[in-house]
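**Q** Can you keep this structure in mind? I'll have questions shortly.
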Amino acid sequence: MFMSLSASVSRHGCLSKEYICCRVCLWFLVMEEKLKPSVKSEGDGGAARKVRGKHVAFMMVVGLTSILQGTVTKGWTAVLPKMQDDPHSFVKTDDDVAWLVSMTSIVGIFASLATGPLVEWVGPCLVLAIVMGVSTALWLLMVFPPHKVVFFVARAGLAACVYAVSTVSLPLLAEMSPNKVRGAVATLSEIGGSTGVLYGYLVAFLFPWKIATALCTLTAALLFLPMWFVPESPYWLVRRGRLDDAKASLQRLMGSTPEVEEELAAITRRPTATQTSLLQQFTELRKGQNLRPVVLVLSFFVLRELGGRSCIMMYTVYIFRDAGVELDAFTCTVLVGAARLVCTCVTAGILDHVGRRPLLIITAVVAAVSQSVCGLFLFLQLPGASLVPLVAVLVYIAAYGTGVGPIPWVYVGELVPSPVRSLGASIITACDALVVFSINLAFLKLIGYTGLGITFLAFGGLNLVIALIVCIWIPESRGVSLQEMEDAFAKKHSPDDLKEPLANKHSPDDLKEPLANKHSPDDLKEPLANKNDSPDDLKGPIRV
């Protein structure tokens, strides 16, 4: 599909605006169709229960907050070449560009670590609502900066806002969504981020940098009011001891149904359901059952950043120019954004059917192969190398959008245990920001020293490591409740045990003594006592 799109652009020299608009709107149709069917209740009866329209609307509002993240961290950076060409802008040198791209990550380290305690204090939904309002003001400040320092400070403030969104949105979506569609709902965040990237690329492609920056204000302004209507997380309310408010929140999400009481009971029966302090979370994090999933999820974020994710997204124009691609570099950038959005929408439709493990393994391997092929062509300077970078990057972006991008974020909500969910999400996001800052700051100098070919070969090898980690240590979480996932890491499973899906609902005791539950201990001690046998019958030998 993307190869034919690339060929179409080659013939006509530009992208069809109608085509772009259709692609931007595609994910709305995918999510509407995905969440429309009824899902089975997790109660004893297993009766079909529909996801309420209001419930879907609340989850979509939370997921769409990631549009701001995609626009700030990647999409808006496409205006930087235009700002360098404008003698009246504050961006003059390559160092200015490098700092504007990488500073989002260094600010994000501190913002992520601060967000966890802030969420436990005021609540995740309130944090998101405040962030949307602050981001709107900061965008406007970047459009009309009185001084270069103000421009850079506004950019840093936006970085803090988007990392707060990253830390909060995925755990919140996991807590709000039904088990059977949790994978599709969790991809809302990645779809929102992909939409933000494409939106930033488009406005940079179509408008001067000032107008493009002003239009980016809409990514926060349009969600400021809707976030105030989203009910607070029932998990957070339970941790604060506000059980009545937690029940009211569940009723707003699920309606006045018997499942509300069951869900509230499942949340409150957890041993650490009421802990709130940061010190308690650090104490819980020292336990292996909580530390293991946090480290595993963190490894995905570190490896995919070292595998070139942020560099390819943030330096697209510079990469295509350096590789000598014949098409206009801005047109190639829009193609990259469209490819990511379309494939992320595909993931929303198939993730709850295919499963997380196989999809992440396959896409990590495809990403590694595409980057390695691109690196070989550029290093050896084979014939046709001018087109290979575009094709390889589109294949990588397709693999990223289908699995390597959204699934690690899904795991933040699914694998990180509830006792350390806020702290774990903060640590993961902060470490991810540190890696992004380091590699983005050094990327232009890296390719100048080693060459683009060697750099892409290294990217491919690191993406392959992701597939190996999933094969060895990650369990399948499709259709499994958050409580069962916590139990999976709490038990002393071997890696082979963790590979199997947990949805079969069998405990180890059920498998060890499959027949013992059919008889009581008294039945086994006196097998013939209930047969009304006479004493003479019992004198003879008992035949087994």
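Every residue, even glycine, has its Cβ placed from backbone N, Cα and C.
Per TrEMBL, the feature transmembrane segment maps to 56-77, 97-119, 126-144, 150-173, 185-205, 211-230, 327-351, 358-380, 386-411, 423-443, 449-474. Per TrEMBL, domain 'Major facilitator superfamily (MFS) profile' is recorded for 58-478. Positions annotated as region 'Disordered' by TrEMBL: 492-544.
Are these features on the surface or tucked inside, and what are their neighbours?
**A** Same-chain residues lying 6+ beyond the ends of the transmembrane segment (126-144) with a Cβ under 8 Å from its Cβ atoms: 62, 65, 68, 72, 115, 118-119, 150-151, 154-155, 157-158, 161-162, 164-165, 168-169, 172, 210, 213-214, 216-217, 219-221, 223-224, 227-228, 230, 232.
Under 8 Å from some Cβ of the transmembrane segment (150-173) lie the Cβ atoms of residues 59, 62-63, 65-66, 68-69, 72-73, 90, 99-100, 103-105, 107-108, 110-112, 115-116, 118-119, 124-125, 127-128, 131, 134-135, 138-139, 141-142, 185-186, 188-189, 220, 233, 409-410, 412-413, 416, 421-422, 425-426, 429, 433, all in the same chain and six or more residues away from its ends.
Here the transmembrane segment (211-230) has long-range neighbours at 58, 61-62, 64-65, 67-68, 71-72, 75-76, 79, 82, 125, 128-129, 131-133, 135-136, 139-140, 142-143, 161, 196, 199-200, 203-204, meaning same-chain residues at least 6 beyond its ends whose C-beta is under 8 angstroms from one of its own.
Residues of the same chain lying 6 or more positions beyond the ends of the transmembrane segment (423-443) and with a Cβ under 8 Å from any Cβ of it are 98-99, 101-116, 163, 166-168, 170-171, 278, 281-282, 285, 290, 293-294, 297-298, 301-302, 305-306, 310-311, 314-315, 412, 416-417.
Residues of the same chain lying 6 or more positions beyond the ends of the transmembrane segment (449-474) and with a Cβ under 8 Å from any Cβ of it are 296, 299-300, 303-304, 306-308, 319, 322-323, 356-357, 360-361, 364-365, 367-372, 374-380, 389, 392, 404, 411, 415, 495, 498-499.
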**Q** Excluding the flanking five residues on each side, which residues at least 6 beyond the ends of the transmembrane segment (56-77) place their CB within less than 8 Å of a CB in that stretch?
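**A** Distant contacts of the transmembrane segment (56-77): 31, 35, 100-101, 104, 125, 128, 131-132, 135, 158-159, 161-162, 165-166, 169, 172-173, 176-177, 185, 188-201, 203-204, 212-213, 216, 219-220, 223, 226-227, 229-231, 252-253, 310, 313-315, 337.
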